[in-house]
Amino acid sequence: MQTVFQQIINGLSLGSIYALLALGYTMVYGIIKLINFAHGDIYMLGAFWGYYVINVWHFNFISALLSAMLVGAASGVIIEYFAYRPLRHSPRITALITAIGVSFFLENGMSYLFSSNTRDFPQIIKQVNYNLGGVLISNIQILILVTACILMVLLQLIIKKTKMGRAMRAVSVDPDAAELVGININWTISFTFALGSALAGAAGVLIGLYYNSIDPLMGMTPGIKAFVAAVLGGIGSVPGASVGGFLIGILETFFQSIGLSAYKDAVVYFVLIVILLIMPAGIFGKNTKEKV
Amino acid sequence: MKKSAIKKVVSFAAIVMTAGIFAGCSTAKTQTKGNTQTGNTVKIGVNMELSGAAAGYGNSQKQGIQLAAQQINKNGGINVNGKKKKIKLIIRDNKTSTTTSASVAAQLTNNDKVSAIVGPATTNAGTAEIPNITKAAVPSVSPSATDPNYTKQKNGKVQPYVFRACYQNNFQGGTAAKFMTNNLKAKRVAVYADNSSDYGTGLAKAFKKSFKGTIVDSQYFSEGDKDFNAVLTSFKSKKIDAIYVPGYYTEVGLIVKQARQNGINVPIVGSDGMADPKLAQIAGDKNASKVYYTTPFSDDVAKSNPTAVKFMNEYKAKYHADAPTFSALAYDSVYMIKSAIESEKSADSVKIAQGLAKIKNFDGVTGKITINKNHDPEKPIAIEQLTNGKVSNSFNIK
């Protein structure tokens with residue numbers, strides 16, 4: 001029983017990272033129908049930024065996290081401005097290929113500038129384990145879970161309660177009509193990218209702190225898994241992305257704990273296929289019929 | 001499984017194709033076998049993983065190779081039958097791909113006309129290289145291809161032009177198994193291996209074959225994984241005496257960290273892929289206790305070995321970092337070729353191959369090396385113990 005609870009905690013802390021990343025995918029997709037494959041690399045940029053400011057400028061955890069969110073947001077906006085905005089009216093596949101290109105550019109650019117070595121993330125928060133009836137939970141796991149939840153709630157508030165959030169929802173429903181009623185589309189899309197990328201930047205610092213190991217290619221696999229989580233939850237849906245992220249984290253942990261570690265990714269993707277066959281729009285996705 | 005099968009087919013097709021292309025060239029060549037050396041330099045080709053998945057290891061090996069070549073050239077070069085000739089390195093990237101490795105080998109042997117090749121770092125890329133170098137009769141020394149069958153042909157005979165500077169898996173895995181039983185008195189062991197390279201799976205297989213106690217559980221991780229909590233938690237409930245983790249320091253460092261944080265305090269034993277100061281940095285000094293690994297290049301052994309001391313100092317002066325095992329193995333590979341050339345008094349590729357096969361008591365950074373009849377190096381093996389991130393003890397295993 002202890003083992004089961006321990007595994008649930010493992011799954012939740014892994015899942016919260018996927019969830020944070022999945023939110024960025026889902027928001028960008030919801031608004032401009034673009035799968036931003038460079039999203040995982042913004043997470044890597046966030047981790048490297050955290051590494052840099054903590055080591056060189058001796059930032060504490062909170063300021064490192066906030067500054068990484070700012071850097072993530074800025075890089076998201078810059079990427080959108082230079083790579084995606086000029087292609088807004090070209091076929092969707094063009095933008096998709098550009099996204100893959102941006103991802104490769106960031107990964108290999110960082111490898112070139114800072115070498116592809118793995119480095120150890122400065123441990124600014126000392127790890128303490130709490131023993132709850134045989135189940136170990138560390139302060140960093142709690143921190144990740146809590147930060148992820150706070151950020152997700154904050155995001156939900158921004159989308160549902162603010163004027164900017166209303167603009168985002170309007171653009172996602174019908175960009176042309178939104179423009180007609182005076183919403184600045186460019187500004188709204190930039191804001192969406194900033195918001196999603198800020199979450200990725202935060203995830204980068206959290207992961208760096210938790211696993212103590214960062215490298216330029218670290219965004220690749222989590223990026224793809226987060227994308228899967230977003231699809232699973234119903235791409236375009238914000239609560240769906242959070243649930244999808246936690247689900248993928250727990251599934252992965254579950255399959256490893258029953259001894260299928262060699263096939264964990266295969267099994268996770270298999271589950272994805274099964275879920276999508278049963279619910280093509282994902283768990284929270286709206287099943288809209290297109291009129292011809 | 002399917003992917004690797006496709007890869008194999010593709011690489012085979014590429015080899016056949018390149019072989020076909022170069023068949024035309026070889027008929028036009030003179031009758032002598034291999035690449036004969038003319039001019040004032042000895043050309044050594046480097047077929048290395050400089051980009052792609054194994055780029056980290058490939059690049060440290062490249063640094064070792066460059067350091068060796070630079071040292072040799074500074075001292076006048078290689079003595080080829082009384083005439084000093086400088087080394088000219090021709091470095092090509094095989095992108096950690098079997099097809100590219102095969103074509104790089106063809107390019108090095110046919111166009112660049114090298115006398116010998118250092119590399120590749122991985123067994124897969126190394127195996128892809130063999131048909132082309134055998135056809136051209138140019139020997140290659142791989143610093144780190146550990147698969148037991150790498151130097152052997154299908155019928156069990158040795159590959160005439162294939163050599164290596166590292167241990168093969170059976171030796172290293174077997175040593176770890178003996179150490180677990182004799183020194184650690186471990187009876188119930190869990191194996192957690194890297195399955196993204198045949199280094200990890202090969203060692204795991206060799207270990208399981210020779211370990212006398214019970215293998216309680218056997219799990220796999222892949223390169224780039226960061227979360228090992230799930231598997232470690234399931235190990236914890238199984239009453240284990242030790243964990244065997246053949247893999248590289250990038251992942252094993254994290255396994256050590258997460259195991260200790262999960263309250264697993266049993267010894268963790270690994271392989272020479274862990275022999276890097278980064279291991280303790282990633283795991284955290286506090287966590288890196290009761291960690292053991294097999295290594296040819298232990299600090300203790302190195303201190304009593306003048307070649308190693310010289311290598312470590314010069315490496316530090318050139319690259320401002322402690323030398324990783326991979327650089328040491330690559331450095332030895334270059335010096336093994338030098339020693340073969342000098343003993344055969346010729347830089348012709350066929351002669352170098354003969355010289356490499358005869359190497360005895362060669363003073364390497366990674367120990368005294370003797371090449372046996374399977375073209376595997378026989379050299380001492382040590383096990384180092386880490387306590388609080390520092391090497392605290394080393395065991396000699398006979």
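Cβ coordinates come from backbone N, Cα and C, glycine included.
According to TrEMBL, the protein carries these features:
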- A:12-35: transmembrane segment (TRANSMEM)
- A:42-59: transmembrane segment (TRANSMEM)
- A:65-83: transmembrane segment (TRANSMEM)
- A:95-115: transmembrane segment (TRANSMEM)
- A:135-159: transmembrane segment (TRANSMEM)
- A:191-211: transmembrane segment (TRANSMEM)
- A:226-254: transmembrane segment (TRANSMEM)
- A:266-285: transmembrane segment (TRANSMEM)
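Long-range contacts of the transmembrane segment (A:42-59) within its own chain (CB-CB distance under 8 A, at least 6 residues past either end) are made by residues 21, 24, 65, 67-69, 71-72, 75-76, 79, 106-107, 110, 114, 119, 121-122, 124, 197, 200-205, 207-209, 214, 216-219, 222-223. With respect to Cβ pairs under 8 Å, the transmembrane segment (A:266-285) is most closely packed against A:226-254, considering the stretches A:12-35, A:65-83, A:135-159, A:191-211, A:226-254.
Counting C-beta pairs under 8 angstroms (sequence separation of 6 or more), the transmembrane segment (A:65-83) fails to reach the transmembrane segment (A:226-254), with fewer than 3 such pairs. When each of A:12-35, A:95-115, A:135-159 is scored by its Cβ pairs under 8 Å to the transmembrane segment (A:226-254), the top-ranked stretch turns out to be A:12-35. Residues 2, 5-6, 9, 12-13, 16-17, 19-20, 23, 65, 125, 127-129, 165, 168-169, 195, 199, 202-203, 206, 209-210, 238-239, 242 of the same chain sit 6 or more residues outside the transmembrane segment (A:135-159) yet have a Cβ under 8 Å from a Cβ within it.
With a threshold of 8 Å between CB atoms, the same-chain residues lying at least 6 positions outside the transmembrane segment (A:95-115) that come near it are 34-38, 40-42, 44-45, 48, 79, 83-84, 87-88, 216-217, 219-220, 223.
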